[in-house]
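What follows is a short report on a single structure.
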C-alpha cells in the first residue's frame, strides 16, 4: 500500500471542507490579482463555492457513519444535518451582505473569503471527534469572525465590537483549553470514544468534573449563553448589520453542534455531572434573554437578547440527555435559523437613501407603507414568541416534551414562563407596525433580501403542514449519537 492509497481515502469524508479550502485559496489569488475590482466576482465565487460544498454534504448518505484522520474527524447523520444548516446560514449571510456592501461602496473582496474560511472552521466543529480537532475548528471559525466583526474599520462601533469579541473570545478559548487539559489528564485521552471508554472503567472524579465545567464555559461563550453572553449585545449592535446576521445564524449552528457533540459524544456516561451545568445555563439564558430584551429600543440589540434566550430553549433538549432531546435541539436550531434570517432581512431592508434605520420606532406604521414586509416580520415575531401554528411553537414543543419525558418538569415550566414574558417584546413590535402612525416609506428590498425573506417566511408559516422532512432528518441525526 503506497502513500497515496493511505491518504486519499481519508480525504473523502472531508470533501466539503476541502471544497471550501480550495475555493478560498482560489478566491484569495483572484482577489489579490484583480484588487478591489474583484469584489463582485469574489462574492459570486464564494456563493458558488458554498453551494457546491452544500451539495456535497446533502449528497452524502444520511445514515452512514465514517471516521477518518485517525478517528479525529467523524461524518455521521448529526454532522451532515448541522453542516447543512451551517452552510445555509453562511449562504444567506452572503446574500444579505451583497447588495448592502455594493450600495455603501464597501469594495473589499476579503469579506466573502472570510465567510468561507469561517465556514471551514464551523464544518470542522460539527465533525470533530476529539478535543484537539474541536479546538482547531473553533479557532479557525473565531479568527475569521474577529476580523469580520470589525470589518467596517471606519466605524468606531464596528472596531469596538471586533476588539471586544477578540479579547473575550481569547479568554473563552483559554478556558476551553484548560478544561480540555483537565479532561485529558483524568481520562488519558483526547478522543471522544477514548474518553467514553475511560469513564466506563473509572469513576468521574472532582478533577474531571472541573474539566467539564471549563469546557462548558468555553462552549457557552461561543453559544452566547449566560453567564458568558456579555459580548453579544455590544457586538451585535456595533458590527455591520450583515455581519450581525451572520453571527446570529451560521456560527450558532456550529456552536450548538459542537456543544451537543462534546456532551453526548464524550460524556454520555456522566450525564448527572454535566446535566446540572446545562440546566443552569439554560435557565439563566432564558430568563436574561426574556427580561433584558424588554427595555431595548435597538432592533439589533433586541435580537442579541433574543438569540441568548433561544439558545437557552435549545439547551433544554440537550439537558434531557436523550435521543428525543437531541432531536428537539436540531429541529429548534433549524427553525431558529429561518426566523433569525427572516428578521434580519427586514432590518436590512429599513433604508432610505444612504441611511439605515434600526430602532423599533422606525417600524411605525410599516403595515401601511410596506404591507408584505410587515406581514413577514410579524410572522417572524409571532414564531419567535412560540405562537401556534407557526414553526416556533413546534420548535419549543419538541424541546419541552423531551424535558418532561426526561423528568425535567421544572425546567420545562420555566421555559414556558419565560416564553410568555418574551412574547411581550415580540408582540410590541407587531403592535408598532400595525397600530402606530406611519413614517416615510423605505426603499424596495434588494433581490438578495427578497430571496432570504421569502424562503424564511415559507419555512416559518408552512412548517406545520409538512413537518415530516425536518423532523425525520433531526431524528436520524439524533440516532447517530446514541
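Any Cβ shown, glycine's included, is placed from N, Cα and C.
Taken straight from Swiss-Prot:
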| type | residues | note |
| --- | --- | --- |
| TRANSMEM | 10-30 | transmembrane segment |
| TRANSMEM | 44-64 | transmembrane segment |
| TRANSMEM | 77-97 | transmembrane segment |
| TRANSMEM | 113-133 | transmembrane segment |
| TRANSMEM | 166-186 | transmembrane segment |
| TRANSMEM | 206-226 | transmembrane segment |
| TRANSMEM | 243-265 | transmembrane segment |
| TRANSMEM | 277-296 | transmembrane segment |
| TRANSMEM | 302-322 | transmembrane segment |
| TRANSMEM | 328-348 | transmembrane segment |
| TRANSMEM | 397-417 | transmembrane segment |
| TRANSMEM | 451-471 | transmembrane segment |
- Query: Would the transmembrane segment (10-30) and the transmembrane segment (113-133) count as touching if the test is at least 3 Cβ pairs under 8 Å, pairs 6 or more apart?
  - Reply: yes
- Message: With Cβ-Cβ distances below 8 Å as the criterion, list the same-chain residues six or more beyond the ends of the transmembrane segment (302-322) that contact it, or say none.
- Response: 223-226, 229, 232-233, 235-237, 244, 248, 252, 256, 259-260, 263-264, 268, 271, 275, 278-279, 281-290, 292-293, 296, 328-329, 332-333, 336, 340, 343-344, 347, 360, 384, 395-396, 398-400, 402-403, 405-406, 408, 411-412, 415, 418-419, 422, 425
- Which one of these stretches, 77-97, 113-133, 166-186, 397-417, 451-471, has the most C-beta pairs shorter than 8 Å to the transmembrane segment (328-348)? 451-471
- Query: Which residues, given as numbers and ranges, are at least 6 beyond the ends of the transmembrane segment (277-296) yet have a Cβ under 8 Å from it?
  - Reply: 212-213, 216, 220, 225-227, 229, 263, 302, 305-313, 315-316, 318-319, 360, 408, 411, 414-415, 418-419, 421-422, 424-425
- Note on the structure: Relative to the transmembrane segment (451-471), the stretch among 77-97, 166-186, 397-417 with the most Cβ pairs under 8 Å is 77-97
- Note on the structure: Near the transmembrane segment (397-417) in space but 6 or more residues beyond its ends, with Cβ under 8 Å, are 279, 282-283, 286-287, 312-314, 316-317, 319-322, 324-325, 327-329, 331-332, 471
